[in-house]
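So that you can see what the record holds, here are the features copied from TrEMBL:
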type	residues	note
TRANSMEM	20-43	transmembrane segment
TRANSMEM	63-87	transmembrane segment
TRANSMEM	107-127	transmembrane segment
DOMAIN	146-237	domain 'CAAX prenyl protease 2/Lysostaphin resistance protein A-like'
TRANSMEM	147-173	transmembrane segment
TRANSMEM	194-219	transmembrane segment
TRANSMEM	225-246	transmembrane segment
């Protein structure tokens, strides 16, 4: 009986390892590898002179551009939904993950986390630019059109949903089920988060690694994922929309 149970557990863990590998290959794992290669390319050609454009135009035709950007938003939401589905299939519901009905404490917690991460993150970006360790990042490269601001906000919160569900909720849960303790699971999640931001430079990788540690411990302590999603969405919204509003007035944003 014991041998049969051990064989079942071994098969179960093997299946989880395969699932995690496929999940990361579909989502942020391959993004991390691509970001590392982009960083190597930028270093070889001059990192400080590299310009990274986020939320770029995807077509010169306005409605096609809108459709492609909305498809990118939908893809991010689908990544998060896939993580939730895989966890639900194995008995971990969204509620257990911390995605119950949004409460005011989730909003307030999210705003607090956004301030805690966002303000030092901006200072780290500026320091990285000064030291030549970061590329120049243009957060909102979309041209001026009637749908730009709504799509930037949707993109911000879609990024928050996908990253926090997959990289925190899904990955940490699965790594614990595979035998890692909490600290190692959070570290692995944070390293992944830092990796797929390396295309922006070393400072971005380090800053997002720290963000991953803070968010990972916040989730493990509170058991609520909404504050992380909200914080991430607010940080990205401020970056995207703030750039649109201020780039013409602040020289260091150009």
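The backbone N, Cα and C atoms fix where each Cβ goes, glycine too.
Tertiary proximity for the transmembrane segment (194-219) is limited to same-chain residues at least six positions away from its ends with a CB under 8 Å from its CB atoms, namely 28, 31-36, 38-39, 42, 47, 50, 52, 98, 109, 113, 116-117, 120-121, 124-125, 127-129, 131, 133-135, 137, 164, 167-169, 172, 185-187, 225, 227-228, 231-232. By the Cβ criterion (distance under 8 Å, sequence gap of 6 or more), the transmembrane segment (63-87) is counted as touching the transmembrane segment (147-173), at least 3 such pairs being found. Here the domain 'CAAX prenyl protease 2/Lysostaphin resistance protein A-like' (146-237) returns a mean pLDDT of 97 for the predicted model. DSSP labels the residues of the domain 'CAAX prenyl protease 2/Lysostaphin resistance protein A-like' (146-237) in these numbers: 80 helix, 1 strand, 11 coil.
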